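Here's what Swiss-Prot has on this protein:
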- 6-198: region 'Small GTPase-like' (REGION)
- 17-24, 65-69, 122-125: GTP binding site (BINDING)
Amino acid sequence: MADARKNNVTIKVGMIGDSSIGKTSLMVTYVQGSFDEESTQTLGVNFMEKTISIRNTEITFSIWDLGGQREFVNMLPMVCNDAVAILFMFDLSRKSTLNSIKEWYRQARGFNKTAVPILIGTKYDHFMTFPREDQEEITKQARRYAKAMKASLVFCSTSHSINVQKIFKIVLAKVFDLKCTIPEIKNVGDPILEYIDR
């Protein structure tokens, strides 16, 4: 009789970035499969889990979402410690949130130097209505940051379910050192999806 027992692996993923950029929406959309228009601002830390099965292994994503207001920065260690991946998130429609990534990255790396970094641009559905030159400028800056961070870069929209599942597939591939088979998307104006081979 075949052994029916499954291996269980838990992967802690931290989500950080400025407030009101869509961190909680991404987490809820991924875990529950639906977009919540009424998502409220996170005060402190949010936490959700989602378990998926791959072959004979059950993988639980333990997702930690830090409220983006500066008064919660003292909770950053709770989100970063033991995380195997950190999603550094910004709102594609607000350039100031991309500029903040440098400081978030610096602080997070103080608590965790080994987590796989992924740079996530949210609200792609708003971004795609921007003039072409604005899209080019923001994409160029995001690529510069991703390169400096040695991070994969993904633009997503939780309200339109664009690239949400793929973010966590990239996390899996990077954490377990698997070949990422998701096709990359590189054209400005499209929902960018570029990953680096570690």
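Keep in mind that glycine also has a Cβ here, set from the backbone N, Cα and C atoms.
K23 (GTP binding site) falls within a helix when secondary structure is assigned with DSSP. Other Cβ atoms within 10 Å of the Cβ of L66 (GTP binding site) number 24 in total over all chains. In the predicted model, residues of the region 'Small GTPase-like' (6-198) average a pLDDT of 89.
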